[in-house]
Every structure is written in structure tokens, then in C-alpha cells.
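Now, the feature entries from TrEMBL:
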DOMAIN    85-154  domain 'Ig-like'
TRANSMEM  145-166  transmembrane segment
DOMAIN    170-258  domain 'Ig-like'
DOMAIN    289-384  domain 'Fibronectin type-III'
DOMAIN    417-513  domain 'Fibronectin type-III'
DOMAIN    518-608  domain 'Fibronectin type-III'
DOMAIN    611-709  domain 'Fibronectin type-III'
DOMAIN    716-812  domain 'Fibronectin type-III'
DOMAIN    1213-1289  domain 'Ig-like'
Amino acid sequence: MEYVCRSTDEIEEYQRVSSHVGKGLASIQKELHRMRVATKTQVENIAIKREVAPHLLMQPLLVSPQVQEMMHKKGTSSTETDKAPDFLVALRPHAAWEKTPVKLFCTVDGHPRPIVKWYKGGKPVDPLSAPGKYKIESKYGVHSLIISICCFICCTNILACVVLVFSSVPHMTVIHHSKLEITMLDRFGVSFGTEGGSISLVCTMVVVPDLPNVPPLAQWYRDDKLLKAGKLAEIKVGGGAATLTLPHLAKDDEGLYTLRMWTKDGTTEHSAYLFVKDAAPSVAGAPGAPISVKAFDINSDYVLVAWKPPNTTNEAAITGYFVDKRESGSATWSQCNDASVRICKYPVHGLSVGHAYHFRVRAVNSAGISRPSRESDKVTALDPAERERLQGIKLDGKHEVVIKEDDLEGYVTLPGEPTDVHASEIFKSYIVLSWKPPSPRGRAPLWYIIEKSVSGTGAWQRINTAVKLQSARYPVFDLEAGKKYQFRVHSENLYGASEASKPTDPIEKVDEHGVPSAPGQVVATRNTKSSVFVQWDPPKHPNHLIGYYIDASLVGSKAWAPCNHKPYKFVVHGLTPGETYVFRVQAVNIYGLSDESQESTPIAVESALTTPSAPHGITMLSCDGVSMIIAWKSPKHCGGSKINAYYVDKRDADTLAWKEVNSAPTKTKTYTVDGLTEGTFYEFKVQAGNLAGVGVPSAPSTPLKCEAWTSAVPGPAYDLALREVRGDSLVILWKAPVYTGASAVTGYIVEMAKKGHHYHPLNEEAIGHCYLQVTGLEAGAEYTFKVKAVNAEGVGKASQASEPVVAKALPGTQEIQCGVDEDTGDIFLSFEACEISETSNFAWSKNYKEIRDCPRVAIETKGKRSKLTFVNPDVSDLGAFSVVVTDTDGVSASHTVTEDALNTMLELSYNIRHPIVPLKHQLNYEVLEKGHVRFWLQCLKMSPAVTYRFIVNDKEVTSSDSHKISHDVNTRVIQMTVDHFSKASEATYTVQIHDGRAKNQSSLVLLRDVFKAVLKEAEFQRSEHIRKQGPHFAEYLSYHVDDDCTVLLVCKVTNTFSRTLNSTFFLQFSRKDQGHYEAKLSDDRGKDTSVLSVGVVVSLPLLFLSGSSASELVLQCTPEGIRLQCYMKYYTEEIRTAWLHKDSKISSSEKMRIAGTAEMAWMQIREPSEKEKGHYSIQIMDATKSHTRTFDLSGQDRGRVVGGLPDVVTIMEQKTLSLTCTVWGDPSPEVTWFKNENEVVSTEHAKITLEANKFASLTITAVTPEDSGKYSINVRNKYGGEFVEITVSVYKHGESPPENKPHLSPLLSFPVILSFYFPHLSPLTSQLSFF
């Protein structure tokens, strides 16, 4: 046999090839096995559906025996023999970055199906010990332990992880041999609710086969405790979804919720947190409701209620709690404790044996009482010792007889004494005594008597005098602090009481423990883009620790918000991406909350780093026969950090083994692969790496032939990218070809193809840059693009086609905004993304070249918004700026900065950076009442740090007694008051203001005429001030005309020794009253004068009142004939009037006399005849218009008095007065009698009659002086009427009848009536005179 000696390199190469070939064969075998299993599953599913189909029509809710047998057969067919557990794929060591996730996998085999348990450091891994950190999964026979955030301790201890396999104990309490294959789709995420609301957690899934008779088994857990359907949790499975509805949310519902589904390969599950915040308190500032109310130590008339305190982040500290109870079936709550209890436990006694109760708790602080907690589960008051006293005796080994211990005690009357009396609960508020029932106890009902004694006195006092205690528990409340007590207990029944038990040791009412000490150092680490993982050191003194409360606050804000409402540690969710937070922690026990821990170091909410996704689009750029230059496109998701490494693998197209090309990473997206064989086809795959590690490899490229390129035209462009996709446009970018051909590349041709169409060029002439904006697209259409490079030899090879793109903008797409910061004057470009992922970054470019560490710009990103700020911008910053948001579906935008726009923004920036103090009012002056002159201006903005100075004729003036200078930040007013403004004050006044970087000045010129006007006003105000030191006129004389046409001369005087007076001078005005009226006021302090000129101007309001108030003409019968009268408020001879008869003006004569009184104008017709019939009118002219009133005496049959009435009647009292006249009219008129203008109603004393519609009479029997007055009769029909007046005078017996003289209206005259009265003016001190 001949042996061939191989070199070391050959041996290593042989081993690598063998290894790769072996792995390739293993992959093929696994794929064949998977296909066989999938085929078998499909056949079984089809068989089950065929079997079930006929039965679904008849029994849709039942599974046929055949189907059940088939399902059972399938579940048991694979059980040939029991097989010991064995690791098919064992654990292997891992190295990981700190704070990155780690996944450990293993595969086991055995029958029955083994159960895998995970250990760390010899202790079982409990996911609830650090919620969110550990996750255990078992899917498709692969068991995994996922550590979400790996720390140094985890990494060192994880090497000691041991997996133990048990084949006899099932993982779950119930084993369901399901044939269903379940794939979860949309899973519920972290949720937030509010007390009193409702929420649903939904997970959609695909079930194969989807049989209505065999629904999937879904189990819901909260904090790893199985939930059962009820009024607080509604569970539904079906229709491709599993739903958990919590209709009455409370903080007790907060926790980690897990949906666990039974599948063919075991279980699949999903978990997420639900957070429940406090509802609005009933009283502002009141605490939140307590949580986790439970009843313990249940006895026949006693229970111990315990709860957990609420988180009080911003509320006042809790001072106590009230416990309420209600009987099951009743809606009435009763309060158990009169005084609030400070600890989270309370013993409730006095319950009724056999009754069921619910309990709830309310917290109290200085602001008020909280909302009640969720009620506890139902508990029944029963003696737990009753069950212990039962014994079972077996008869013949078959039957069992249950008896009580009482039956074995014999006949016992008096019970024994209780034993083991001790205090089971000791607090400042109360203690709870416990003991063991007596033995023997007897069959009679038993109760207990408790006695207490101050330690050392020997004096015993009964405690429960009014309570017949049946439980071996009793709370004692009213104990004095600082004293020690002893207790003893007697048993008693109807036969008597037992001896006393042994006394307890001395007991003092004191809290054995207090609140925990504050937790230690708090460390927050990145988790996701909206959550942070918070860890802390436990408190040094836990004191029966219950859990922790976590609070968060934005950096720079003093407002704290609670992160959890059930005391446990967890990942803090619901934070704002990009914001920076600090955290603090409080420890919780039954005594309350500890002091807050120290704040954590600030942490920005950003997603944890992950490895990038796979690169894609591998293409060849050049080949020389022994090497290739390949290129690829960046991963769609960078993992939250910059990609800094690429790794390339290759293989021959006809082999399965991959070889590593570059051990050292390359940072570019091109790589030269050397050592190739010409004519051989090669495949390549690429992996990307970032700070989190190396991502998954890309799909293998298409086979590329190693063949030298000799073409004179350029090679293909590469790395095509589509940006700024809108409904009618987009931008395409590419990189220049590596292979240039026989000459340099001079430009590019871009081709486009609409879906279903051929490619056509977009530009006829080659463009010199590597980007192109494509316009004119059809909205909603799909396009692809290619790029060809051009040189002097011609057009080169086309690039790979771009990925298909639809001309449609993403929902909510926004463009880049360009502006100037109003505070700093910085010119900036701002962009807000419509969508963003946890690992997204904003990449800015200028002219589509990425900006990297450029000193000319500063980039700031916060949440969905990124801002590019220019540093000293100039013309070199002109161009197209674009931004791309990584790890999204193409969120991008661009903006072109033009020279005109830049110049406008530079000007605005200069104004902001060199600001002026904006003025609302320039420097102005105001003359004050003492003759002081105030110079002032008002700013639009003013800070407390403002400084200023006043300059008068180029000399600065400082504040002094004569020049008072001040400002008010609230009103933003700067002022200077000059006390004595004189001729020397003629000057130019200037104010110079400095407020931070801003400044301004304002000037006021007071020279020549302007100054004289100010000086005159100042001197006037100064004299006015002097005048007002004594009695003076607050309001000078003025006139006023009231409704009855009286002219009032009015003035108002003040500063008298009494008070301010309103004085009025009444004047019935006529032309002779025109003139100057002067009022003088004086006393020993000074004097004042007021002058009013009263002339024609006063009469104008009177004229207006006269014409507008004129009544209609009325007819009055007189002894001389008839008189037409026109009433008005004011009438004098100066008022112009004209009387007309048949449109002809009438002059006053003996026949027709024209005159008037102060109330009316009238015309008297003496002895009227037929000639005086006709239409009469009066015209009254005031200052602006004429007023006409008319009366018709044409002879129509109007109502009138034909005769019979006297003008004046004189009669002695107790006589009968009869006023009778004849009336006429057609139709018959209506007759109305009046006395003193009030209508007279017919009575026994004054009787009114109308006979034959012709004779009207008013008869007054037994007249008295009260019947004297002016009587009148009004006779009227539809054509008009007449009004006749009679004056009646009644005189007494023995008196002479008054002389009856006809009443004639005198000529109008208006004498001046002086009537002035000052009720509060002292005649000895102040005098007021009119002239």
C-alpha cells in the first residue's frame, strides 16, 4: 500500500471541505425529514377533515367516536417503548456583549415527552423573579432560555447553567393531546388601562386544521397564576383569536399576562405587561385605592384582613386606612374601624358564624379618603378547629365512620382551660391574642372570657364583657402605650367556666418593625424605544418586604409619575422615545413606603442595539479572470447603530461548502475576492455587523462566472436606491461603476419601466452626477429602473434593476421645513418622520452625499424629529439637502437651499442675533394733575435684568426728588416724572435701553411751540391743583332741559366741609332770561367761580320738544263758540306756528282769535256759522322741520254736544247736581264723562244716563266738597267727536257762593324763578352765590 504525504495546509483544507460537506449533507437530511413530517401531517389532517365532514351536518357540536379514535390513535401510535431522556443538541458556551440578549437552545428526545427545567448556579431559573429578564420557551421540540439583558454576573454564571430532564412529571397540570398546529399572528402588546375602565387582550392565530368541534386550548395567566373565567375576566377562544377581556379594571389587574396555547409540538405562548393607573380621586389630593385585599386566619367570628399600600408619588403621605365589610348578597357596606389604622392589617371581629363576607379598604391622608379598593374574595366565618376535631374509623376495611373527638371524651360538663395563649400580632394600634381550644371541651356550646392585667399588679380585668367570643382569636385595641400587659383566657359553657389559662408573658403594644430602608443604587439600562429596564440594590433593612414602587421623571422636571401600581420590579414601559428620564424606587411593606432611593443616572429612551438584517442585491462589478469585485446593498434594518463591518463568504456553485473570504471586516459595500479560478461559477453571501454583533447572512447570490472583462464600454452602476417617493415623483441614486472600460465615464442614462411595459430612457443626454429626480409618474403605478454608464466608447452594461416601487407617498409624509430659530437666530432644516422604528436613525445628505462629521452643520435628533443646523452659513451651503430615516419603508425628503432664500434667512438671523428691544410705544409725555410732566415709553418685551438711562440735552439725568425715574416689568413701562416743569425744561429727551443682548433708544423733542403747549398745560394743571385745595366746582355750570321743558342749571361742588354736592338751578326759560350766569364758591381755604352763558342755544332743545310732542287738534266748546286746541309739552310765543283753514293761512282777529298757554296753542272761533266749516290745521316749525296737526269741521255727522251744558257750576253741599246736554251724531255717538281727567263710573252717588241716544246726563246726589273739580264729557263716533269741560264748585252752608268768572287763558309770559338749595352747605364756612 502506498501512502501519500500531505502538507499541513492541504490537511487543513481537506478538513474544512469535509466539514462543510458534512454540514451540507446534514442540512439535506434535516430538510428531507421536515418534508416527510409535513407530508404526513397534511395526510392526517385531510383524513380527519374527511371523517369529520359528514358528522358536522348532523352533530356540529360533537366529535364522532371515529374521529376520537383516530385522534387517540395518532396520539398513541408513536409510543412503541419507553425511552430514556437524551440530549440531541446539547448546550454550548456563549460569549455576548453586556446588555444584549442571549438565547440558549437545546433539543431533547425521550418517551414520554421529557420536561426541561433550567438552572443557573444550581438554582432553578424563575422568570417571575426578574420579570422581563428571563423567558422560557418550548416550540417544535426545541427548548430555549432567552436572557433579554445580559449583565456581567449573568454572563459569568450562565456557564454554570444545567438542564435537567424529567420524563415522568408533566410540565402543566393538565395534558391535552392536541393535534392542532397553532401559529400566533397579531399579538397583544404592552397595554395601559385606568381603574374603572375595561380592556381586551387579543391574539390572532392560524389553526391547522381549523375544526369547530376541536377548538384550541388556551390558558391565560397573570403573574404565572392561572385565570378563570368569571365576572372579572371574560375568556373567549374561536374565530381565529383568543381574547381576554377585563370589564372592571382595578390595580389588582396589573401584571404580566401570558397566553399559553397547546399545540402539536407542546406549547406556544406570548406575554406582555398590563399597567393600570389610578382613577381620578373623589377629592383632589386624596391617595389611590389600596390593592390586594385578602382575608386570612378565618374563624367563626374573626378574620384578619390584609392589603398592600398604594403608590403615593405626588399625594400627601397616607395617615391610615378604613376597613369596610358587607355580607354576601347584600350591597350595604359598613365600616369596621372607628379610627383609622396605620398598618396594612386589621383584625375584624364580631362576625356571624356561617355568614359569608366581602371586605374592602380605603386609604386616608390629609386631603381626604381614597376610592375603595376592589373587594376581597368571599370568605365564610367558620371555626377551622371543627374539621380537626373530626376522626374517621374504618369498619371491616371497607366502610368509614366519621365521629367527633367529643364522642370519645365521655360525659364532660365543665370544659378544660385553654392553652398556649400568646400574641400572634403585635402593633401600636392593637394586638391579637391566640390560643388553643381546651381539651376536653365537652359537647355543650363553648365560648371564651379574656382577662388582662398590667404586668406586676396582679389585678385582672375582664375585656370582652359584652361579646360572647367563640373563636380562639381576639383583637385588643384600648391598651395604653408604654405599659406591659399580661393576658389569660377562661373557657365557659352552660355548666360554668373553666380555670384560667396560664398567663402570657408581659406584652407591650409596639411596632416590632417599621418601613423598610430606602433601596440602594438604581441603574437604568436601554431596553426598547419606549421602555427602560430598571434595576436596584435591595434595602439593607427589608423588614418583611412586599415589593417596590418605581417613579420616573423627565430630566429638568420636578414632576414625578408612577411607573407601577403593584409593588414589584419590572421593565418601565410607556416612555416617550428620545426623552431623558431619571428613576427612583421605594420599598413597600405592611407599614407603608420607605424613603425614596437616590435618583438613577439620566438615561435617554432608545432601543437596545440589535444585529442588522441581511444585506441583499449582490452583484458583480468587475472581473479580471482571477478576482472579482462584488457589491451589495445595505441591510434594510441597521439594528440601531451604524454598520461598521461586512463579512463575505463564497463557494463554488456546484458545492455546498462555504468558505470565508475576509476574516478582517470591510466597511465598504464592495469587496475584491481574489484567488478565483477562471471559468468557474461562484456564489457569494454577505453578513453585516454593528456594535451588537454580526447579523444573519444574506441569501446566496446568483452564480457569477469568473471571466475577464475586456469591453471598451463601462461596467454597470450599482447600489441603486429610491428616495422621496411621492405620487408623481421620486429620486433615484446610484454609484459609479468600478469597471470604466477604455475611457473615463462621462455620464449616465437612466431607464424606467412601468409594470407590464418595456424600459425606455428618461434622459436623452447623459447626466454627470449619480442621482436623478424623476417626475411625471402615474400615482399608484409600479415602476422599476436601470442605470447605464456612458464613456467615449459608448453606453455600458445596464445595472441590476431596482426594486419595484409604487408611486405613492407614505401616509402622513411631511417635507423638510427650512427656518430661523427665533431665540438663537440659527438657520436650520427640520424634518418630522411619519413613521419610525425602534432602531431608526436619520441620515442627512447634501447633494445626495452623506454628511459625516461636517463642522459646517450640527445635527440633533429627538423622537420623530431631526434638525440640521447650519454653522456660519454662506454660499457654500447652497444645494439640495436630503434626509433618509433608516429601518423604515423609505421615509425620506429633500429641500433645496437657494441663494435668495439663504440671503433672506441670513438677514432674519442677523436681526435675531443682534436684537433690539421692541417698543410698543415710543417716548411720549403726559401732564399730570399737579403740573408734573411724565415721560414714558412701553416695551413689548422686558426682562427683570433690563437697564436704561434718561438723557436730557446730552446730559444723563439720574433719579432724584425732582426727577423720579422707575420701571415696571409687569407693564413693561419705563418712566421719568419731572416735578417742576418750567421754561428751563425745554430740551430733547432720550431713553437708552439695554436688555440682555438687545438694546434700543427713543427720543422726544420738546422745543418752541410744542414745548409752549406742554408748559401751558403744566401750568394749568398746577393752578387747577391749587384751586382744588379749597372748595371748588367738580363740575362747572351747565344746563339741562327735562321732559316737562324746565331748564336746569346744574353744577357740582366738592371739597366742602361736608361732602361733594350736586346743585340744581330751576329756570322756566324765555328770551329775556338770556345772559351770563355766574356761580361763586368760597371759604377761608380758597374760592372758585363758574360762568355759563345762556342764550338762544338753550331754546333749541325746547323747540324740538314742542313740535315733536304736539297732540292732535281737539274741539272744545266755550261760551263764546268753539275752540281748536293743540297740546304740547312746551309752548311760548317765540315758537313759530301757523293756522290754516282750507289751506289758507288765518290771521288772529276778533272772529278767529289765536293764542296759547304754556301747555297748548289754540284758536277760538266766535259764533261759528256755515262759513267756518271746513278743514283746519296748525303747522309748528322747529329748527329743522315742520309738524302739522289737522281737524275736520266739514259737517259730517260726527259726535258733538248740541247744547245745554254751562261752563261753570256753583252748588251748595247736599244738593243734587244734574249736568244734562243734548248730543248728536250719525251713527249715534258714545258718551264718556270725566272728572279731573279720570273716567267717571256710574254709581248710586253719581249716576250716568243716556236717553234715546240723544239726552246725556250726569246726576250727583248729595254733593260734597269732594265732588268739586273739572268735569268733562267726550262725545265721539267714527267720524270724530267733541270734548266739553265744566267746572263744578261745591260750597258749604253759611258760606257765600264763590264768584263765577269766565276762565280766560292769559297771555304767555315766563318770569325767572330762582330756586337753589344746598342741604349740606354750611352757611358759616362755604358760600355759593348766583348772579
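First residue shown is number 1, and so on along the chain.
Backbone N, Cα and C define each Cβ position, glycine as well.
With helix defined as DSSP H, G or I and strand as E or B, the domain 'Fibronectin type-III' (289-384) counts 0 helix, 44 strand, 52 coil. Of the candidate ranges 170-258, 289-384, 716-812, 1213-1289, 289-384 contributes the most Cβ pairs within a distance under 8 Å of the domain 'Fibronectin type-III' (518-608). Across the candidate stretches 289-384, 417-513, 611-709, the maximum count of CB pairs under 8 A to the domain 'Ig-like' (170-258) is reached by 289-384. The helix, strand and coil residue counts that DSSP assigns across the domain 'Ig-like' (170-258) are 3 helix, 40 strand, 46 coil. Across the range of the domain 'Ig-like' (1213-1289), the DSSP-based residue counts are 3 helix, 47 strand, 27 coil.
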